[in-house]
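Here is what TrEMBL says about this protein:
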type	residues	note
ACT_SITE	K216	active site, proton acceptor
BINDING	G26, M27, G28, S29, W30, G31, A156, R280	NAD(+) binding site
BINDING	S29, W30, R50, R51, K124, A156, R280, V304, E306	NADPH binding site
BINDING	K124, G152, T154, K216, D269, S279, R280, N281	sn-glycerol 3-phosphate binding site
BINDING	K124, R280, N281	substrate binding site
DOMAIN	22-171	domain 'Glycerol-3-phosphate dehydrogenase NAD-dependent N-terminal'
DOMAIN	205-344	domain 'Glycerol-3-phosphate dehydrogenase NAD-dependent C-terminal'
Amino acid sequence: MDIPPARGTGDTPRRAEPYARLAVIGMGSWGTALAAVAASAGCETRLWGRRESLAKAMAETRQNPEHLPGIDLPATLHPTSDLAEALDGAEAVLLVTPSHTLRDMARAMKPHLPEGIPIALCCKGIERGTGFLLSHVIEDELPGHPVGALSGPTFAKETALGHPTAATVAFPFRHHDRIAPERAPAARLALTMQTQNFRPYVSDDIVGVEVGGAVKNVIAIACGMMTGAGFAENTRAALITRGMDEMKLLAEALGGKRETVTGLAGAGDLTLTCSSTTSRNMSLGTQLGQGIARDECFGGKPTVVEGEVNAISVVDLARRVGVEMPICEAVHAILHEGAPLAETFRDLWARPIEGEPRALDITLHPHEGDPA
Ligand SMILES: NC(=O)C1=CN([C@@H]2O[C@H](COP(=O)(O)OP(=O)(O)OC[C@H]3O[C@@H](n4cnc5c(N)ncnc54)[C@H](O)[C@@H]3O)[C@@H](O)[C@H]2O)C=CC1
Ligand SMILES: O=C(CO)COP(=O)(O)O
């Protein structure tokens, strides 16, 4: 890939160097799909999962029978359950275990991690209790490593099947990344992951990307709940649009950019997740909206639904920084405070009229005596 020269350095385009060796940590559906992309792009890729039996089954069958059954993986992809082996000689790491495991994962990786190598988060969430973005968790546990994120509208199965997919790779740009952008981790990782069907974009706004990924899952649960309760397209479009407003306000309050929220990792992922039963978040909401008890959802099978735990951390963080997120609050109340679903959504719709954008600062309460 040619990157235009940094301003004032002449006309010769400079070539970015892809990483030669990548470690992908997390053998679930997304870790496996990303490892398959990197391996098929020609990068030597090791994929770590904690279960030896799964790593062995993958090595033998060239498939991930648990998370992506029936999809052939590149023969060059190396699965392992040995963390030291996975990280040995890696030039960059993709971290793809569920968000609540991240701090423990970082601690487990620490003794084996080559010095200073970039770490890209591919999981979506905010740490419960601390309210830290996941990048802050990594900075806390693994100082000295550039920390970024890879995120976007990317169902794992579609990516692994080779459906054209785009995603954002974001790392904060340091001073020297602006002078020599071809050496910036975001540029190098984007190039490493580029294939005929996987198209990365480069960003310097890690906060916007992380907030997009964490919030969209909560909004998808809301969309599912209202769909399950029998409402249709108008309702879903309203939730997506107003959900994006919540995302934007939280991102800006934390120092992120509003343009990121309108990009792949914000609007793109929000639209995907809120429109498809392939989404586990949307599906959980739909089942709950249909009146199915939580422990019977997904046929009782344990399933990673990031928006469920992250409803707590998103709402907690929003309250701490003084951002109103009424849709996320409604999801939180239903999931975690036992609030009744129908009444909670009715109250959401009956809130005082506000400006669009909210910066217009208009609040209109109903006339006294008006029908509720
Ligand atoms: N599946 C998808 O389409 C996409 C998922 N993501 C994100 O990727 C992250 C991982 O999700 P998936 O791969 O879909 O999950 P998954 O449900 O396919 O697999 C989860 C994996 O994590 C492992 N795991 C669970 N607890 C662990 C622990 N304490 N330590 C190490 N490994 C542990 C499980 O053994 C399993 O292999 C989530 O944050 C999700 O939001 C992001 C984009 C797309
Ligand atoms: O993040 C995703 C797609 O970008 C996957 O969404 P779900 O976790 O809801 O399946």
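For all residues, glycine too, the Cβ spot is worked out from N, Cα and C.
Any TrEMBL annotation is an automated prediction that lacks curation.
Note that this is a predicted model, so its numbers are computed, not measured.
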Cβ neighbour count within 10 Å of G26 (NAD(+) binding site): 23
Integer Å distance between the CA atoms belonging to the residue listed as 'active site, proton acceptor' and D269 (sn-glycerol 3-phosphate binding site): 7
Neighbourhood of ligand 1 - recorded positions from R50, K216, R280 with Cβ under 6 Å: R50
Alpha-carbon spacing, S279 (sn-glycerol 3-phosphate binding site) to G26 (NAD(+) binding site), which is rounded to whole Å: 19
Alpha-carbon distance [K124 (NADPH binding site); A156 (NAD(+) binding site)] in Å: 14
Pairwise CA distance, W30 (NAD(+) binding site) versus T154 (sn-glycerol 3-phosphate binding site), rounded so that it is a whole Å: 9
Integer Cα-Cα distance in angstrom, R280 (NAD(+) binding site) to the residue listed as 'active site, proton acceptor': 12
